[in-house]
Structure formats: C-alpha cells, structure tokens
C-alpha cells in the first residue's frame, strides 16, 4: 500500500497578521499631534523643531508617568531668562527717568505667574500641555504655575530654534500690552500700596490678607485672599507669599475700581 503525502498549511507557522486597528490608531494619533502642534505654531507665529516643541509642552508629571522622558524644566529656565531680559530692556529704554527700584516693581507686575498664566490662556496653551493623569485630574491645565512655566518653556524653545530676535519679537507681541497697561496705571509698581490708597479714598478700611500654602517644601504654592471690611475682593497665587499677596491686591484693586465705575 502506497502512502500519499498531503500538503497542508500550518496556521501556527504563519507570521501573525499585523494589527490594522492598532496601526490606524497610531497613524491617527500622529496626525492629531501634528495638527495640534500646527495650531499652536500658528498662534505663536513660528514653526518649531517638532521634538523641541514636544519637550516644551512636557510637564514633569507626564514625564514621570512615562518612563522618565525629558521635561520642559530646562527650557523653562532658559525662557525665564529670555523673558526677563526682553522685558527689562523694554522698561529700561521706555522709562529713562525711573529709578532702579521702580523699574524692578514694574517688571514684577508684568513678569509673574498671574500675568504669564493670563497670556497662556489667551493662547489656549493649556490644551496643548502633556500632563500626567494625576495632574490632569486636579485641574492642572488651568493651574497658573503650570501655565506660566509652560509659556516660559515655549519662549525658551523659540529662542533655541529661531534665535533671540524671534524670541524677542514673540515676547513683545505677547507682553507689550501688559507693559503699557501697568505703566499707564502706575498701580503696577506696588499693588498692595495702590489697594490701600484706593480703599482709604473710598472709605472702605484697611486691606487684610489671608494666606495659605500647599505642596512640598521644594515646590510650595501660596494662595492669598485680599479682604476689605470682611469682604474678599480678590485672590492670587504665587511661588512666594509676597507674590500671592501682590496678585490678590491687584485683583482686589481692579474689582473695587470696576465696582466704583459701575455705580
């Protein structure tokens, strides 16, 4: 009896078919990321190196949850210096008669967490930040300190990729309105003093400040509430008690002025 050999194909020996669904998802994610970056670059007015922009948008909470990726902290450090230089140079040239102390106070009114966060919100920068799940769950996308730090990192990225002239142009476009407003108000030189003068003139009493702090010792966040006659007119946050009180005083000053104008 002659045996016949049948040829069969073994399913187990065949290479697994690629996961088309996973490939499609990866491609879609890459496209969405590119579109997102293009939208932000359009608002900034510059097309940046993709890897550099990703790093500028990477908060440490995301980096730690994803295997220790590079964070935006070094770019933030650089951008802080670039921002400070451009604003300081502008104030020095536009206020030739102001003494050093007043220039410093005016700069502080422009370059602080509250002001930077406001500029960031104008760019909708929070929507582009890469955050860890924990930070995301506690409202990190609208946290003033995160918005301020990320904006500084983006300025640092523009400086590295495009040079000082481009970074300076960006700072002027974003911050010149704040510089002009603070200069015209005069109040920006010391918001606590300005608030006290305003409340005295309105017969409202002396402002009081209640300050709380949160976070680890190396990264504390201070929150201040400015009260006048027992009424809270403004709050502020900052990396120091002084900054938080100044921001609260500014918010209260604006609220009282607005109420006075409306009456």
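Just so it is clear, glycine is given a Cβ too, placed from its N, Cα and C backbone atoms.
Just so you know, TrEMBL annotations are computer predictions that nobody has curated.
Remember, it's a predicted structure, so these values are computed and weren't measured experimentally.
Annotated Mg(2+)-binding residues in TrEMBL are 149, 152, and among 65, 73, 76 the one listed with them is 76.
Per DSSP, the domain 'DRBM' (190-258) is made up of 32 helix, 23 strand, 14 coil.
The C-beta environment of residue 152 (active site), restricted to residues of the same chain at least 6 apart in sequence and closer than 8 Å, consists of 75, 76, 79, 80, 83, 116. Other than 76, 149, 152, the residues of this chain whose Cβ falls within 8 Å of the Cβ centroid of the Mg(2+) site are, in sequence order, 72, 73, 75, 77, 79, 80, 148, 150, 151, 153, 156. Residue 149 (Mg(2+) binding site): 26 other CB atoms within 10 A of its CB, across all protein chains.
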